[in-house]
Amino acid sequence: MATQLKNLSDFSHTTIPDASPYRFAIAVAEWNAEITGSLYNGALNKLLDHGVAADNIISVAVPGSFELTGAAELLLNKYPDLDGVICLGCIIQGDTRHFDFICDAVAQGCTNVGIKHNTPVIFGVLTTNDQQQAIDRAGGKHGNKGDEAAITAIKMAHLAATL
Ligand code: DLZ
């Protein structure tokens with residue numbers, strides 16, 4: 001059946017679906033913990049605010065962002081009824097090429113694991129030039145990307161459940 005979208009020019013006020021039927025996992029990286037802790041608090045509170053039961057949220061920590069993909073894979077193998085996995089990390093540009101390798105690996109890894117398990121794996125990873133840009137996006141002047149990752153997870157879980 002055909003469907004059409006309305007008001008394509010303004011998605012900023014779209015309704016966030018009721019998330020009470022869903023189960024999520026959050027994987028958070030310990031590197032840059034003062035940033036990722038804010039991302040985590042934002043994501044967790046958004047899930048709770050939108051009706052996810054605390055018992056339906058599994059949280060795990062991994063050493064660095066590179067390990068987020070492996071954690072998502074482990075979580076989806078162990079808990080196949082999850083409706084989404086939210087991966088949170090903060091990769092800050094340094095003097096060497098590690099930044100590019102880690103960013104590419106995590107982005108590609110989230111995509112691959114999500115497709116493999118037919119479950120949304122959300123890329124909630126800050127990839128910034130410096131610490132200040134990260135602070136600005138982890139509860140600072142540009143909001144909290146952890147909140148946005150949680151909202152994305154809810155919307156994708158709803159899409160998968162209702163398509
Ligand atoms: C090694 C490393 C470096 C240099 N920088 C970061 C970073 O900015 N953010 C992050 O999340 N992790 C970093 N890591 C750790 C890697 O993600 C990973 O944990 C190690 O390479 C071990 O696999």
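For all residues, glycine too, the Cβ spot is worked out from N, Cα and C.
Residues or ranges marked as active site, proton donor by TrEMBL: His98. His98 (active site, proton donor) falls within a helical segment according to DSSP. Listed in sequence order, the residues of the same chain lying 6 or more apart from His98 (active site, proton donor) and placing their CB within less than 8 Å of its CB: none are present.
According to TrEMBL, the 5-amino-6-(D-ribitylamino)uracil binding site annotation covers Trp31, Ser65, Phe66, Glu67, Cys90, Ile91, Ile92, Phe123. Look at Ile91 (5-amino-6-(D-ribitylamino)uracil binding site): DSSP puts it in a strand. Packing around Ile91 (5-amino-6-(D-ribitylamino)uracil binding site) is summarised by its Cβ count: 23 other Cβ atoms lie within 10 angstroms of its Cβ, all protein chains included.
The (2S)-2-hydroxy-3-oxobutyl phosphate binding site annotation in TrEMBL covers Asp95, Thr96, Arg137. Listed in sequence order, the residues of the same chain lying 6 or more apart from Thr96 ((2S)-2-hydroxy-3-oxobutyl phosphate binding site) and placing their CB within less than 8 Å of its CB: none are present.
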Quiz prompt | Winner by Cβ contact number (other Cβ atoms within 10 Å) across the binding-site residues Glu67, Asp95 | solution = Glu67
Self-check item: Cβ atoms near Trp31 (5-amino-6-(D-ribitylamino)uracil binding site) (within 10 Å, other residues, all chains)
Solution: 17
Quiz item: What number of additional C-beta atoms lies within 10 angstroms of the C-beta atom of Ser65 (5-amino-6-(D-ribitylamino)uracil binding site)?
Solution: 27
